[in-house]
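What Swiss-Prot records for 15-100 is domain 'GS beta-grasp', and it gives sequence analysis as the kind of evidence. Under the heading domain 'GS catalytic', Swiss-Prot lists 107-473. What Swiss-Prot lists as Mg(2+) 2 binding site is Glu134, Glu215, Glu223, and the listing cites similarity to another entry. What Swiss-Prot lists as ATP binding site is Glu210, His274, Gln275, Ser276, Arg342, Arg347, Lys356. Taken from Swiss-Prot, the feature L-glutamate binding site covers Asn267, Gly268, Arg324, Glu330, Arg342, Arg363.
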Amino acid sequence: MTQTATDVLRLIQEENIQIIDLKFVDLPGIWQHCSFYQDQLDEASFVDGVPFDGSSIRGWKAINESDMAMVPDPTTAWIDPFCKEKTLSLICSIKEPRTGEWYSRDPRSIAQKAVDYLAASGIGDTAYFGPEAEFFVFDDVRFDQTENKGFYYVDSVEGRWNSGRKEPGGNLAHKPGYKQGYFPVPPTDTLQDMRTEMLLTMAKCGVPIEKHHHEVATGGQNELGFRFATLLKAADYLMTYKYVIKNVARKYGRTVTFMPKPLFNDNGSGMHTHQSLWKEGQPLFWGDRYANLSQLALHYIGGILKHAPALLAFSNPSTNSYKRLVPGFEAPVNLAYSQGNRSASVRIPLSGPNPKAKRLEFRCPDATANPYLAFAAMLCAGIDGIKNAIDPGDPLDVDIYDLTPEELSKIPSTPASLEAALEALQQDHDFLTAGGVFTTDFIENWIEYKLDAEVNPLRLRPHPYEFALYYDC
C-alpha cells in the first residue's frame, strides 16, 4: 500500500509500469479519466496537480475559465486489472490552478471538507461509512428515445418471466421467483462464479472485501460486501466497487446497472449506508440509551431524520430513485428509526455487546448517488443534529408496513419525487454550508443541473405506459 508520492514513483519503477491512469469523479458521480506515460508524473504532480480542460465535465467550469488540475492521492494507487498494458490507477481531487485552492464543485474535495468539519467541531475525529450497493446483472439491455418512440427492454437468463421460453439447449428452469432471489444456491444462482471473480478483483484493487450473495429480486440482483472505512476512503472504495463490477460483468458478456428500479413489480436496488463517529480511538455511538445508543448517537439520528427530505437530493438523486421508494418492496418510505427493524429508514443493527460495532444504517440511499456528496451530506446532517440536540422522537418498533393509514399519517415520509427532494434542499441547506463544506454556489448549481438535465427533460417526454392508459381516450 503506497502512502506518499515517493512510494508511488518507486512502485512505477519497480513494477516497470508504463501508463498512469488518473481518475476523478464528475458532478453526477461518474468516474472520468486520462492516461499518461509514466515519465509525466513526478513529485510536483502530487502537490500542484496535472492540468486538464474542465469545461466539458458535467456541471463544472465554463469554457472561458476551464483550466483545472487533477491532484492524485498517493494512498489510492492500484494496478488496473482490466488494462492490457500494466497501468497504475490513482484517484484524484481537483484544484483551481490559478488560486491553488481545492475546487468548490469537486465532489471529492467536498467530502474532505466534511471530514475536516467533523474534526474542527470537536465532536469527533473519525467518521466511518459502510455502503451496501445492490445491482442487477442483465444479459441484454436495449433502450431508445426519439420523437416517435420510447422504450426499454432488459432481459436476464434468471428472469422469472423467462420460465416458459425456448432456450438454446432447452430451458433448464431454476429461475428465481419474484422476491424469492435471496440466498439460493446454484443452479438457481447462476452468478456465483462471476461474483467471486468480482470480489477477488476488488481485493486486487485494494478494497477490503467481505462477502457476496444473490439478492431478493428475480432477474439477476446481487450484492458484494466490503469493509467499512473512513468517509473519504469508503467513497473511493465504492467508486472502485462499481468500476470492478461493471468490467468483470463485461468480461462475461453481461452488463450491470446500479439503477434503483430497472424492473417493475420486484424489489429495487438500494445502497444502505452504515455510519458511526469515533474520537481518539473510542466509539461515540455506544451508550445507555435506546438500543445501547449514546445520547450523541440519538441526536445524530435526529439530524438525519430532520434533514432527510433535503438529504435525498444527494442520496437518491435520480428520477428513478423514487420508483424504488414505494411501499411493498422492502424500501423505507417513512422517516423513523428502530432497532433491527428494516422497514424503518434508520435502522440500528443488532450488534451485541460490542461498543465498536454500534452504528446506524440509513436505508434510503441508492447507488445513483455520488458517494462523496451523499456521505458528506449525511455527516453534515448528523453534526447538525448533535450541535442542536435534535430529538429523533420515539423509536418505531413495529413493522411500518402493517400500520393503518391513520397511524402512517403521523409519520413523516420521504419525498415522492426528485423534484420534491430538490425543493426540500432549496429550503433546507444551512446544515450543509455550515463549516464551509458545501457552498451556496454548489447547491444552486446542483439543483439547476438536476432540473435542467433530468427532471425537466423527463417531463417533456410521453411515457410508454401512458399509451396503455390513454390512447383510446
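Yeah, the Cβs are placed from backbone N, Cα and C, and that goes for glycine too.
Taking the features listed in Swiss-Prot, we show where each one sits on the structure.
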{"residue": "Glu223", "record": "Mg(2+) 2 binding site", "Cβ contacts under 8 Å, 6 or more apart": "Glu132, Ala133, Glu134, Phe135, His212, His213, Glu215"}
{"residue": "Asn267", "record": "L-glutamate binding site", "Cβ contacts under 8 Å, 6 or more apart": "Lys179, Glu215, Val216, Ala217, Gln221, Phe329, Glu330, Ala331"}
{"residue": "Gly268", "record": "L-glutamate binding site", "Cβ contacts under 8 Å, 6 or more apart": "Ala217, Pro260, Lys261, Pro262, Lys323, Arg324, Phe329, Ala331, Asp366"}
{"residue": "His274", "record": "ATP binding site", "Cβ contacts under 8 Å, 6 or more apart": "Tyr128, Phe129, Gly130, Pro131, Glu132, Phe228, Pro349, Arg359, Leu360, Glu361"}
{"residue": "Ser276", "record": "ATP binding site", "Cβ contacts under 8 Å, 6 or more apart": "Ala127, Tyr128, Pro283, Leu284, Phe285, Lys358, Arg359, Leu360"}
{"residue": "Arg347", "record": "ATP binding site", "Cβ contacts under 8 Å, 6 or more apart": "His272, Tyr337, Ser338, Gln339, Gly340, Asn341, Leu360, Glu361, Arg363"}
{"residue": "Lys356", "record": "ATP binding site", "Cβ contacts under 8 Å, 6 or more apart": "Pro283, Trp286"}
Here the 10 Å Cβ neighbour count for Arg342 (ATP binding site) comes out at 15
All-chain count of other Cβ atoms within 10 Å of Arg363 (L-glutamate binding site)
21
Which residue, of the binding-site residues Glu134, Glu210, Glu215, Glu330, has its CB surrounded by the fewest other CB atoms within 10 A?
Glu210
Note the Cβ centroid of Asn267, Gly268, Arg324, Glu330, Arg342, Arg363, the recorded L-glutamate site, then list each other residue of that chain whose Cβ lies within 8 Å of it, in sequence.
Gly270, Phe329, Ala331, Pro332
Restricting to the domain 'GS beta-grasp' (15-100), what is the model's mean pLDDT?
92
Note on Mg(2+) 2: the CB centroid of Glu134, Glu215, Glu223 has further same-chain residues inside 8 Å, namely Glu132, Ala133, Phe135, His213, His214, Val216, Gln221, Asn222, Ser269
Taking the Cβ of Gln275 (ATP binding site) as reference, which residues of that chain separated by at least 6 in sequence fall under 8 Å from it?
Ala127, Tyr128, Phe129, Gly130, Arg359, Leu360, Glu361, Phe362, Phe375, Met378, Leu379, Gly382
Looking only at DSSP and grouping its letters into three states, which state does Arg324 (L-glutamate binding site) belong to?
helix
